[in-house]
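If you look up TrEMBL, you'll see D129, H199, S513, D713, H780, S1103 marked as active site, charge relay system. Marked as domain 'Csp protease B prodomain' by TrEMBL: 5-93. The domain 'Peptidase S8/S53' feature in TrEMBL is assigned to 120-306, 448-552, 704-898, 1037-1158.
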Amino acid sequence: MPENNKIDSSLELILNLDEEERQKVSALQGVVDTESKQWEVIVKYHGDLNAVGEQLGAEVEILTEGYGIITLEESKIPELSKYTQIEFIERPKRLGIALDNSLREACITSVQRPPYDLRGRGVLLGIIDSGIDYTHPDFRNEDGSSRILYIWDQTLEGKPPQVFARGVEFTREDLDEALSLPTPMERIARVPHVDQIGHGTHVAGIAGGNGRASRGTYTGVAPEAEYIIVKLGRTGIESFPRTTELMRALKYVVEKAEELERPVAINISFGTNEGPHDGNSIVEAYMDEMANRWKTSIVVATGNEGDTGHHVGGIIREGEEIPIQFTVDQGTGGLSLTLWKSFADVLEFSLTAPNGESTGRISAKEGIQRITLGNTKILAYFGGPSPLNGDEEIFIALTPRNQFIDSGIWQLNLYGMDIVEGIYDLWLPITEEVGRETAFVEPTLEHTQTIPSTAERMITVGAYNGTTNQIAPFSGRGYTRRNRFIKPEIVAPGVNIMAPFPGGGYDSLSGTSMAAPHVTGAAALLMEWGIVRGNDPFLYGERLKSYLIRGAVRDRPSLSYPNSSWGYGTLCLANVFEGLNREEIGDIERENSNQDMEYIRQEEDVSDMNPQAIKSEDYLDYIVEYNGDIVAAALKNGAAHVTIINENHAIIQIPRGQETAFFEKTTEIVQHSMPLLFGHYAREALETSDILVFHNYPYGELRGNGVLIGIIDSGIDYAHPAFLYEDNTTRILRIWDQTLEGDPPQGFDYGTEFTEEEINNALRSENPRAVVPHVDEAGHGTFLAGVAAGYDRINGEYIGAAPDAQLLVVKLKPAKQYLRDYYLIGDPGTSVYQSNDVVMALKYIVETARELGSPIAVVLGIGSNEGAHDGTAFTEAYMGELGGRRGVVMVTSAGNEGNTAHHTSGNLSSGQLEDIEIKVGEGESGFTLAIWNNAPDRMSVSMRSPTGEYIERIPSRFGEQERINFTLERTKVWVDYVYPEPRTGDQLTMLRFEDPTPGNWIITLHGDFIVDGRYHAWLPREGWVDPETVFLRPVPQTTVTVPGTGEGTITVGAYNHVDNSLYSASGRGPTRDDEIKPDLVAPGVNIEGPLPGGRYGRMTGTSIAAALTAGAAALILEWGIIKGNDPTLTTRKVRTYLIRGAKRRPSIRYPDNSWGYGELNLLNAFQFLRDIN
């Protein structure tokens, strides 16, 4: 395993090669500027990156708050990786172009004409490609002026755009001046930008050419849109561009669009096979972040690797040997292979050359390998667990001893040594780098999309032949690796597409590059209708994607949609608008539909905020995603208080009754949601999990020294002996009590913060509560803190998992009554918390840990049945963001819903009806029912009460609420259809039952429009409904609660360590999007721990198991960061180590929906780490 996992595998490899070897590894070319000898690297970071650059004497480019590009000397890269601000370093990857009567096939022509008359007016097209022939008539207005607002040519030397260091920017004024000159030579002299390849010109023409050169024959999709063009590349070089150039280009286009205050559809038709193909590469994470900026839709081609034979994948079992053959073409100067697998799996491999010579087995223990076979030198490198996804990349380079490597048939043998998952994927470089003759003999067609098309928030487009109505053989196929996302979402015409070409004419080209701009142009027309005309100001990004998916044509009876080739179907823009009309969302053409919307941001003086609104029942709480100056805009439009979470999200308090007007006026808000509500999950374990052994380990004890544990819960009994040192001083460094008025923490506007010094003063006083009036009434937080980090040094009665760790504690304030009323939670004694307060607690704890300079494991033992159960809830996304930072580990419980009969699921077909039966208990005062189905499906409901009263199908009028008063009983039911639900793009049907009649209720689901067909339904969690209110046909799977379904957390179920049985209530997976959860299980039945008042007692629940696991994570943090064995630890890496060490039973097939990857066993995890080191 590499010493420092902050550096990506191929970059780590090149740093360990000599100069001759570097020149022969084809995949590594382009990393270094050969003239200046400067290395350009991409970094994921936190904190002050400029300060790092200054100390290293390096050039720093800030892309966003978390991503940047650094140019520095090679010798300083290892030093760069040692800075705590740096989370991961990745070398630039080379990108290849996806090139190998279409408007009618895509149903576009009809919406370009009345009554829609959509032409792209007021919308920008961002074309990031090989440039554009700016003199071509199709990119000029009737008066001869340019339709191009800006060109940034990265390959020229001169005056770059502001904040960028390279290239030349040309404005429309520059272009118009050049176009006014009489000869081509004079024009090029004035604006020396050319598109030598022609690809960018062709793509721009499909998306928005106006057809002037063909008298309208070859008109693009959005012929009246205007352009921002970026020509990718490096100064003076016309070869493969790199991911760094792409990242700069995306920043440039989005910021220009925001500056111009116009929506933008961006087209990207480049790709690479380097990376994990699961959306977790740095460039894709960055692109997803940029997709959330401004009013942006980003379209990416799947690439043309579908029929090239450059991917193979499958499942390997323990003890199995899998031979994989590949051919190498004559004259090949070098070749690289990248193999991705779970780090929990131990694989070895061997390579056999065409002449029969073999390397023998190569394993991770041996680090970098150099082996020569014939005329080929083999370099192999095991990357260890990536901080980005927890998986491992094995990089294999075949380099020539002289000029070429050995041609012919090679064989790579994989050996399954110790297997947990067994999934592997192996890629060769893209065709543009190695051609078609170098290929796997028996390739796998799936997972042949190139990066960045596997990014989650991209609109990913494959290609089909509009003449034969068949998928284009070259079109990259999905899904993403591990089937994480459904890609492509849609396909469009991409074979023999006629469009503008340099020189003023047209040419016919094929490729997914030609398919993508059809969708980019279609996005521009939708944004014109929605944003510019004011029909739907949020019609961009994920929302726009959802409508494209719904409108797609699925006319192949032999296919099941979605599928890995066709996605959800073929692009049909007319269907999208027909669907908008059918959906009864109100008048789609408002009075201002023919008037362009003006994006004028005014700077106003803002009034003082009202912190009292945070707790007051007179104000409603919302979590919002925003662009621009949200504080000024929100306060101007009537908000009482704004709390910034990060650069895209905030919490806002709005006076009751003013929320509708507020959101209509505040166009800076992209989406908003009410807080979710969370509650507790608890009702001799250390030996079972092999944790105590490390408290006195002969090779170096681990007790959590130097590590923090964060408790976000009901508070803590700070005077309990379990949290005191021998001298009666506290182990608690901070308490933020959100319930008390007083001095809040810096940067927060409510609650009271107590410091270590204040707590010690209280402990020395005769009346501690008079000095620090913090109490834990529920006892849940005290118990979790004890299990994770308790140690009764005074009485010697109790010891937790990390007894020398110190604590940061947040006591959550109770949920406001209006939210309890909305969710019909009647019992006033039930502990209920708001997700926005949880988010603020997470922010506080992680920022405080950073201020103190200590790693931290955060345990969250609360949860809810609200939310999509697919990791998209904002709390989950935020935990994933924080957990991706070095030295931060997020641990959550799986919830106690496994046996409560509060979940059911099923499948529907179009026109089919399916009953969901609910037994309502005698003591039930009210409850909610949330039904989720995948986009682009559309479902509606009817219902029958226990008395037989029938309510006919309620049409799915999105954005409207239907209230039903039953005639024969007191029951009232509110029905809300939400589509597309802002964070998922799926449909949510929310029903609220007030005073429901006891007995059996039947909710009938109607399959109005079905492609996928799956649905899930949840009742509220235990304690929020009557125990007798249950589904009559419950499904125990998919009962892990939110936020435990988040990908960026370690989710823990519970088992009984005495009889080794699963805790029956432990939440079970998979998530709604079929991800594995829980990750593992830990003891959680009848566990002893501290209780308020200096007492001890026993509790049961998954929150107890989570606390135990958080303590184990603290010991790994001590080993890795405090003791310097792995300074790059993140949540993903710690999860990988715990999974690798989990105890597994022969009778269970792992991963399992109940047991995850097995039972927590820290000793096994450290034995594995010892072996690989």
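Quick reminder: no glycine exception, Cβ is built from N, Cα and C everywhere.
Where TrEMBL records a feature, it is marked here on the structure.
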{"residue": "D129", "record": "active site, charge relay system", "Cβ neighbours (10 Å)": "27"}
{"residue": "H199", "record": "active site, charge relay system", "Cβ neighbours (10 Å)": "24"}
{"residue": "S513", "record": "active site, charge relay system", "Cβ neighbours (10 Å)": "30"}
{"residue": "D713", "record": "active site, charge relay system", "Cβ neighbours (10 Å)": "32"}
{"residue": "H780", "record": "active site, charge relay system", "Cβ neighbours (10 Å)": "26"}
{"residue": "S1103", "record": "active site, charge relay system", "Cβ neighbours (10 Å)": "32"}
Candidates 5-93, 704-898, 1037-1158; stretch with most C-beta pairs under 8 Å toward the domain 'Peptidase S8/S53' (120-306): 5-93
S513 (active site, charge relay system) and H199 (active site, charge relay system), Cα-Cα, nearest whole angstrom: 8
The domain 'Peptidase S8/S53' (448-552), counted residue by residue under DSSP: helix, strand, coil: 35 helix, 24 strand, 46 coil
Spatial neighbours of H780 (active site, charge relay system) among the active-site residues D129, S513, S1103 [C-alpha, 10 Å]: S1103
Candidate nearest S513 (active site, charge relay system) in space, where candidates are the active-site residues D129, D713, S1103 and distance is Cα-Cα: D129
Secondary-structure category, per DSSP, in which H780 (active site, charge relay system) falls: helix
S1103 (active site, charge relay system) and D713 (active site, charge relay system), Cα-Cα, nearest whole angstrom: 11
Distance, S1103 (active site, charge relay system) to D129 (active site, charge relay system) (CA atoms, angstrom): 51
Counts of helix, strand and coil residues, the domain 'Peptidase S8/S53' (1037-1158), according to DSSP: 32 helix, 27 strand, 63 coil
Reported mean pLDDT - the domain 'Csp protease B prodomain' (5-93): 80
Counts of helix, strand and coil residues, the domain 'Csp protease B prodomain' (5-93), according to DSSP: 32 helix, 27 strand, 30 coil
